[in-house]
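TrEMBL has this to say about the protein:
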TRANSMEM  A:6-31  transmembrane segment
TRANSMEM  A:43-61  transmembrane segment
TRANSMEM  A:67-87  transmembrane segment
TRANSMEM  A:96-114  transmembrane segment
TRANSMEM  A:145-163  transmembrane segment
TRANSMEM  A:191-216  transmembrane segment
TRANSMEM  A:222-238  transmembrane segment
TRANSMEM  A:245-265  transmembrane segment
TRANSMEM  A:271-290  transmembrane segment
Amino acid sequence: MQTDLGLWAVPLAMLAGAIRVSTPFIFVSLGECLTERSGRINLGLEGTLVMGAMSAYGVALQTGSPWAGVLVAGLIGLLLGGLHAAICNLPRVNDIATGIALMLAATGLAFFLGKPLVQPKAPNLSAVELGWWSDIPQVRSALQVNWLFVLGIVLAPALWWALRKTRWGLVVRLAGESVDAARAMGVSVAWVRLLATAAGGFLSGIGGAFLSLYYPGSWNEGLSSGQGLMAVALVIFARWNPLRCLWASLLFGAAGAISPALQSVGVTQGYYLFGAAPYVLTLAIMIITCSPERSLRGAPGELGVTR
Amino acid sequence: MIARDVAMAEPEHSPAHAEPAAAAVSIAGPEIVTGAAAGPSIRMAIDDRWRQAAERVAVPLIALAASSVVFGVFLALVAQVDPLEVYGLMYQGAFGSWFSLQNTLVRAAPLILTALCTALPARLGLVVIGNEGALVAGGVAAASAGLLMHGAAPIAVQLVMAVAGMAVGGLWILAAGWLRHSRGVNETIASLLLTYIAIALMNHLVEGPLRDPQSLNKPSTAPIGEANMIGNLPGTDVHWGLALGVIFCIGTYVLMRHTTFGFAADMAGGNVRAARGMGLNVGRLVAVTCLLGGAAAGLAGMIEVAAVHGRANASLVAGYGYAGILVAFLARHHPLAIVPVAVLMGGISASNGLLQRRLDLPDATVLVLQGVIFVMILAGESLYGRIRLFQPRGA
């Protein structure tokens, strides 16, 4: 039963989108935020996202438990993040190029291993009904949220607090601000970055699990088209602050929902053009927030991306 | 601020910067020695040049050998097929017969051109990965231009198509380079975002304004017409795109290695501040290299339309752009090295069909191998300067 909402359906669908589509953005951007705070950039998170989606779907299919899939996706992400960090710790190796290489490698591997997973239907993650108070079915479906979304919302302030207030957070920020200062303090920069990159990979893998196990909730090769990469850009926009990463992710989720939302009210003209909205928005935001004269406020000093 | 300067000077963060410096040394080397006018040391300097050249060939070969071992283990353990059989089939499917060799060369042609899209800006230290987008944008522009010119002499149609494809592809990458230079926007992310935008625009155009009502299953533009298609090299089934790619590479080589412009670009790639201090117009250098790189990828799109598909549609998004990034890195951004590397990568992709038919391997097999090679090549960067055999012995 659908209630006719007229044009109200568009903002409602965008709200629903902000909740649904944003979850992978939240996880990947928080992971990337942590990694970049340690002074390393991981562009390979797009590949980690796709690998996470594939492995989560495969494991959920085999075991019947979607949460086992989420865990395995995280562990695969941990491995990929660790691999990225290990390669970047070699002398003379560029982290941006390595990220591109791992993005292509992980995407290819996911397509290779995921071939038999396109047809079967794996059990999906269950949703929490937050729309019980409303009689309108669209509002109810918009407020169906997933536990991973809740986890993401909790994780953002937790990471913000940890980076700011804990000794562990200080060490990560120190490695990101100045290698020399970290060395003087007796901190192993390579080790800190390895852990931070692996942890970032873990979060991105979970973001991938959300894609294949909740929304859209199936595995195919077109599952992620640049969400992982947009999340990296989003971290710059959020000025390396986990709380702002959360708001930015919600904004991007809403932008990603424009195209399906307009289609739902019958606007089919320019479906692909509106589909490009998140990319245009990312680019516009990067143009507005970046500046050649001064380095970005809040940018980790050792980070290659702002140089 | 001081810490940042130290980090900038540290070569380990930026291999892309390190290479032009090495090239500068190898150019300067013999001149210093002739100045000294000492017989034996000239021989030694020449010897050292050969050692450095040998290192630049040997390190990628070591990385390729390591990749084939890693991929072999993957094939044996994960895909459960005999790796030696796979490699045998790959050779057969890529270079084993005149037919397969021609197939390889047809695939190498767009790779040569898309690789230049990464390799040219890389001389300035920019990492551009929007090759696929420039190819798609160039292909759509070329097809539209071809349709507008309908009825003109084929050579004129082809020429206008090439110019349109190169102009739009060039502008696509120029946008990324210009944003980097004027706004400090990360060019790697920007160029990939532009790729997604280009693909969305193409889908919009071929499903809407430019759609040929005759194309039912796969929305496409109208065909440019049989007469306007680019023909084959005499005596082969390989289209002229291969020759265009090789010519573009040679031209780029001459520009980047034998002109003041190329020298200035290398300087700016080595140290932007020093280049500015010398009064070089870095913005112009960025603009020209990005424009040329994008034009190369746009030309690849035009060739795919005018020599292979005959129209613009989603077939343009075939992964040539992404494989081109790998070719550029494997060739260490050297314009002439791109040609053989592109033939090698074209061969790997040409053998894909045979692997699917004979061993029932998924079509993503090639993507896995490309990914392994890419990772190994970058990890191999750490070998430079490590192998004693290749180190200079000069006084």
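Positions of Cβ are set from backbone N, Cα and C atoms, glycine also.
From a predicted model like this one, the values you see are computed outputs, not experimental measurements.
Taking Cβ pairs closer than 8 Å, the transmembrane segment (A:67-87) reaches residues 31, 35, 40, 42, 44, 47-48, 51-53, 55-60, 93, 95, 98-99, 102, 106, 122, 125, 148, 193-194, 196-206, 208-209, 212-213 in its own chain, all 6 or more past its ends. Counting only same-chain residues 6+ beyond the ends of the transmembrane segment (A:245-265), those with a CB under 8 A from a CB of the stretch are 6-7, 9-10, 13-23, 25-26, 29-30, 33, 152-153, 156, 230-231, 234-235, 237-238, 271-272, 274-275, 277-278, 281-282.
Only pairs six or more apart in sequence are counted, and the transmembrane segment (A:222-238) with the transmembrane segment (A:145-163) gives fewer than three Cβ pairs under 8 Å, not enough to call it a contact. Residues 20-21, 23-28, 30-35, 37-40, 42, 45, 48-57, 60, 66, 69-70, 73-82, 84-86, 88-89, 122, 124-125, 127, 146, 148, 155, 171-172, 175, 182, 223-224, 227-228, 231 of the same chain, all 6+ positions outside the transmembrane segment (A:191-216), place their C-beta atoms under 8 angstroms from a C-beta of that stretch.
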